[in-house]
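> The active site, pros-phosphohistidine intermediate annotation in TrEMBL covers His117. Among the features that TrEMBL reports, ATP binding site is placed at Lys11, Phe59, Arg87, Thr93, Arg104, Asn114. Residues annotated as domain 'Nucleoside diphosphate kinase-like' in TrEMBL: 3-139.
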Amino acid sequence: MRSDRTFTMIKPDAVANGYIGEILAAITKGGFRIAALKYTQISKKQAEVFYEVHKDRPFYGELTEFMSSGPIVAAILEKENAVADFRKLIGATNPAEAEEGTIRKQFAESMSKNAVHGSDSDENACIEGAFHFSGCEIF
Ligand code: RTP
Ligand code: MG
């Protein structure tokens, strides 16, 4: 299992708020190389599959509804220690608790509209990347 890749989505709130450029710039400045990139929208069904690990959580319905509500930017990012370092760069799930300078502190609206997704393990990074990209779309 490689540890130099993670998967991210710029969520519908941040896309609607016009933050695609600033978030991609923050990602690049944070030392990540973009290995794959796509502007897309997922269906409610696809969101339910993507977030299946959360299916018993109370926010599952709201989360999958929101993530399919508008376009997103999906990307595979490369850097040594990618998963942990990217979660540091984006900050806490709840932007009110996110550290100064993190992406969520700067661009998130709320716990559910929190601007970006970041994979939580090398295994999930691999699964989530493969959900959005085929081999020939990863550089
Ligand atoms: P993500 O997966 O999006 O990177 O976020 P995360 O690891 O920081 O948080 P996770 O526990 O995986 O939850 C996934 C997303 O569900 C929404 N959420 N809402 N209302 C709530 O209590 C609640 N808890 C989580 C957030 O948008 C979170 O990013
Ligand atoms: Mg998560």
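Numbering starts at 1 and runs along the chain as it is shown here.
Cβ coordinates come from backbone N, Cα and C, glycine included.
Help me picture these features in the structure, burial and contacts included.
Sequence-distant contacts of His117 (active site, pros-phosphohistidine intermediate), defined by Cβ-Cβ distance under 8 angstroms and a gap of at least six in the same chain, are Phe7, Thr8, Met9, Lys11.
Counting only same-chain residues six or more apart in sequence, the Cβ atoms lying under 8 angstroms from the Cβ of Arg104 (ATP binding site) belong to Ile90, Gly91, Ala92, Thr93, Pro95, Ala98, Asn114, Ala115, Val116.
Mean pLDDT for the domain 'Nucleoside diphosphate kinase-like' (3-139) in this predicted model: 98.
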> Please report the three-state DSSP label of Arg104 (ATP binding site).
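Once the DSSP labels are grouped into three classes, Arg104 (ATP binding site) ends up as helix.
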> If you measure every Cα to Cα pair among Lys11, Phe59, Arg87, Thr93, Arg104, Asn114, the residues listed for ATP, what is the largest value in Å?
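Taking every pair of listed residues, the largest Cα separation comes to 21 Å.
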> For ligand 1, pick out the recorded positions Lys11, Phe59, Thr93, Arg104, Asn114, His117 that have a CB under 6 angstroms away from one of its atoms.
Phe59, Thr93, Asn114, His117
> Among Thr93, Asn114, His117, the recorded positions in the record, which have a C-beta under 6 A from ligand 2?
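The recorded positions passing the 6 Å Cβ test: none.
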